[in-house]
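Take a look at the structure below.
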Amino acid sequence: NTCFQYTAYFGLSTNLVNYLKVELHADSKSAANSVTNWVGTSAITPLAAAFLADSFLGRYWTITLFLVISVAGYGVVTASASAALQSAVFYAGLYLIALGGALQPVMASFGADQFGDDESERGRKSSFFNWFYFSINVGCLIGGTVLVWVQTTHGWRLGYGIPALLSVLAVALFLAGTREYRRHQPPRREPAHQDRTGGCRRSQEGRRGGPRRRCAAP
């Protein structure tokens, strides 16, 4: 799953300046600036993913949501490259990918959730992280070499179609293990005003002869 994600991402990003110059007719300065802005956005979006995972959705649903967004982004980019659509469509796809690809910290934490704290589980967790970062490096290598060669030799339609296919496979592989995952949802917080209201009602009942209880301090 992670290997496919990083193969797709680096297959797109490594040769992106050339695509902007050749297909969208941007000058070198403008193309480099656009790629820099996009890479910077990709580096910030993990903050949003981590916040959603820890506060609202939980890691499983955050990963699922962002993977689907990533698939949509690769689909838009591939359609734009195939049909020579306007640059605005291509950039919309790029920034969907920047948002959907913000999963490394959440994915690593979700993987750690699958293991306990006893001695035997610690060894398996260590092995997981070894393979996790190994798959990232393999994906970076394949995306930055093989897919760039495909784009240069066989054109952008196939060169961007392969990352789109890999993003779909990444979603399918992740969802295939749904029944086996350990999911840890963020804790639900009871609104504080409910406790205060309940406490005051009980105090009022005490004045009428019922059980007396002091109101909780705000």
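Any Cβ shown, glycine's included, is placed from N, Cα and C.
Where the annotation comes from TrEMBL, it is an automatic prediction and has not been curated.
Taken from TrEMBL, the feature domain 'Major facilitator superfamily (MFS) profile' applies to 1-218.
What TrEMBL records for 60-82 (among others) is transmembrane segment. Counting only same-chain residues 6+ beyond the ends of the transmembrane segment (60-82), those with a CB under 8 A from a CB of the stretch are 5, 8, 12, 19, 23, 49, 52-53, 89-90, 92-103, 106-107, 110, 156-157, 159-161, 163-164, 167-168, 170-171, 174-175, 178, 181, 183.
Among the features that TrEMBL reports, transmembrane segment is placed at 88-110 (among others).
As annotated by TrEMBL, transmembrane segment applies to 131-152 (among others).
What TrEMBL lists as transmembrane segment is 158-178 (among others). Residues of the same chain lying 6 or more positions beyond the ends of the transmembrane segment (158-178) and with a Cβ under 8 Å from any Cβ of it are 1-2, 4-5, 7-9, 11-12, 15, 60, 63-64, 67-68, 70-71, 74-75, 77-78, 81-82, 143, 147-148, 150-152.
Sequence annotations record features per position, and here TrEMBL assigns region 'Disordered' to 183-218.
Here TrEMBL flags 209-218 as compositional bias 'Basic residues'.
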